């Protein structure tokens, strides 16, 4: 029976014959068909429904077949089949609701509702898709759904068993879902609730047996009460009347009393919740504001007249007024003329935010202020030197936060926080105190925890000035009061996450407290001590451990004496000091009762008495190196926060909404039960959040069924219609199972238009101004276009001109939203072709789909119009005269338009060249000049030149003769020559001389035929001289290889102009113009020597000059004789001079091997830099730089040992054993090579005894503190030249030589930390020294009995070296230092030596979190992030990492990629995150959901970038 597979090949066309549809019913009724083939057919059918329109004649058969499957197969036996058929049914309902809603007749709707609500397993994974399907039917026929649900509640049943009560419960839950859908879609959900309240009353009065089981009845009553209480708030007068009326209508007294008791318990529960919080928030906030008291301001600034508010009816008018009011802020510079205007405009802005728009339409208002850049422009006023203007701007931002609070996205809150933070350090105390006050009110006003604001507040503790650090202590206190776990659980009933964001940031809080309590300023210390006890109140275990282990006894005592009395903390003081009374005043400041909570003075103004041990102390800068290890759960960095912090979730930005969805999905998935179909279910109901809706990640189903992967996606894709996350508390409370996470309802299509009646649509479309309205209008337009495509020709046509102006505006603003429209024929026929071309380009539409209808021989005008439109677009882009409103749009997509249309034209001409269709070619041939000339004109713009020249070549092949004529007539010679060059590469028969001639290349004066022959020659001579001068200045001859053109022959003297390359102008030596060309001539360092054109009188005897080696002093003494050179203690490089001109190091004959002229020279031998002896340094070398040993040798030693780099003797390349332990091309090898002296055979200069004596002297000199660079060289040379030498080995191991050298090396590294700047030479040599010691350590380990494979001894020896190098890097101002490169190479060697382990990553993360110094260049942080990347690349270290470790790395890197403008941090952290993703993908238990959870701290676009980087590693 496998033949049915052939019946499904042609099912994408909506007009296909019924016989071509999926034979679902036939196959599933046939018992002989194996279940695997049935599931394969059903899988393909599901993919078809998700991606394409269905055959309308088969819709009823499809519904019958899918309902048959659920009734014929048991879920226990076929769980995969039942779930697959259910999801297919739900997608089919969504498809039919969109494509052909008339199919939903009354009988079918009732059957579907009965099946979706009652006949499926009582599991959430089925409930989720069922609600989505019911929603689709409800949007088509809401009244029918309401009537059926009400009828389900009306049906009496004499036998009220458990099944009956379950039916009622399922019906009630469905009603709740519908009300919730109406509420989310901004419909009148209360009206729908009132409709069903009548059914609730009838159910309780008539259909619920009062004598039945009380537990079952109570479940129904509680569910009804929860539904009503959920939408009818008890504090609303009208809602209270509805509740009272409902209770009065109940006839069964038992049920009435139950309802009344539920209402009372709900009120009591609410009041108990308010009283059970850890802190009295109102009182605590008063104390915080007293700490950050607003300075005494004038009445105009501090007070706000409630009557002064401005209301708007139109959002466009609001935006226009905002732009006008912000005009004075456009100028960066504040002038005498504009500052008063700025202040008055801020007051007007304050009136606007007090009006109706921010309250009634907060999301749209936020969008407007983003577009007009309100925050950026107001920030210019906050930094004004005029105090009144600055304070006015600050208070305006404060009121803006208070009015919008959680409606403001994190990006705007971040901007405002930074504005306030910058003013904390202001020299004007009134500005600083006002900014302090505004920062505290910012945290008080927001209701959601934002990790970015938490991190910014934490960084304030590192500021240099006192006020930011004091503010940081108060901000931490506000976070603890506002976002502690008790507040989180009480204010968010849906929250079940085991940890809060604040709890996951405990490591930051602890470091925060340690820095504040040990601060040098008393005000900061005292404020942080009070904050500590708020931390103790929230997390007593962590606070006790911190107090006992992280503070000195003095600081601990001072902290214990600062316990606020009003917190009622039960803490036993370790030992009460006799001076406790001295600090009691501080405690009394926080012991006021709530009746006397308003204090007249702030803590900043109190005169404080403190004991001697609490005097200002210096904060420790080294305690952070020993940060405690993190827990296995990875709670050091914040990982997740439940999306149910408040019922009024902020969804004003795509980022925040996606974050909420991801958190909800993670939260629900924590409770999932793993079963046999978990993998399939996840694939069906979930998609990767970072993937776009049309990605393959969203359409993938079970790995066993991938037969429909090749389905086309050019129609409306329903893949994501059933996969958006949501959470309903009633489902969690009343559903029996929690198998899979729930999902939120998609944005519905609002309204319904009858066919042919488009006036309402036109008005709704043109009036749409808010983003939500525009999105709804587009969805409705899409639906109407799909419906009208099936109408008869007599039906009214949709008039695109009625909405074209608005449609164009939306295209400019959101062109990607039109991708699904490009496959709708009605849309492509109604929209102008030039708009379509732009949409095709931006959405990367398939070229074949465009040309399928455009290259029809019967309609050649279609192709002609397409080419003309593209040419006009090129002209428009080249002219660059677009309207101001569209400039940004064309600037953004200009390159995209060019590249896409190049490829589109390439396909057109390629097809024309292959098919040779005369009809199409004739129409195109007339357009060839136009398209060719515009292509010539746009050369030089920003686009893909490979595609450009491929298109040029195809047009050239289309009609090469005509193309050559067009190109020859083109004016710009440079463009012409480049095109000719590319065509010459592609076509061997192409001749450049046919295109470029003298007349077309150089502009000459026209020849007068009346002139005499002598005049003509004179004119030619002038022209030729001009050309000659032009070529001499540039040294380039553009007319090479053009000997055939007689007009280019120079008539002066051909012999005077010769060139070895035909493109460089060469003068005769006697020519007076030679000096100009010699000065401007450019000679490559790899160019072969040319014969020396020296004159005879300037000749010098080469051999005689080679015999003498002149010193600089001998030249000054005019002595030509050789003198005996003396070797000083500190030798300097000697330079040998010669009378010959400088020569290139490599001789011509050396560059060509075996006489083969075509053989390419070795680039290594051609390099002018030679680290080792070079074989090519022959007698022609005239400049030699010598490096000699800094060793005091005897004259005999010098004569016998020293190496001379002389011209008459070739030196051998040295190779030492230790060199094999360094990378070949490393900077370490380069530096080492300059320390060595070898003779011509490469042997070492001295024996071990000589080296050892020098090394011993150097150790003593360095320890005494008086040494030079040569003494450091003495330490390094024996380690290199005597590597694996037995005497050296014995001394290092048996005589404690290794430890002695290591101590000296650490001493040298520490000496670099004593100065503000880095001594580069000492630092470089010190790193080379420890690098050599590391190589020796690895060698010595191999000689021991127990080889150190795990790097234990290496870590013990080089731990302090690593710390000193990090301290050194902290002083760097840039990355262009050789010390940084040497440190990188040393770090890589440590990596290979197993120095780094899993705990090393934890310490690095701790340093990155706690030791960030904003006033440095961040070189150290970049180095540490690079180290993490290296560790993640090491397989041995990666095996030690757990997911919690990877999560910590991801959370920390999220700050460095998003929370800073340092590009080096951004790049290196992005690479680390990409590597983390690769590591997670290689784990055995890898799942996309888990990865999304780990990366949910990143915005969607950043995560996409990380995925791209990871895929290209």
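Note: Cβ is positioned from N, Cα and C throughout, glycine not excepted.
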If Swiss-Prot marks one of 997, 1113, 1324 as phosphoserine, which residue does it mark?
997
For which of 792, 1018, 1108, 1464 does Swiss-Prot record the feature phosphoserine?
1018
So one of 100, 1167, 1434 should carry the feature phosphoserine according to Swiss-Prot; which one?
1167
Annotation match for phosphoserine in Swiss-Prot, from 431, 623, 725, 1063:
1063
What is the pLDDT of the region 'Interaction with microtubules' (461-716) when averaged and given as a whole number?
56
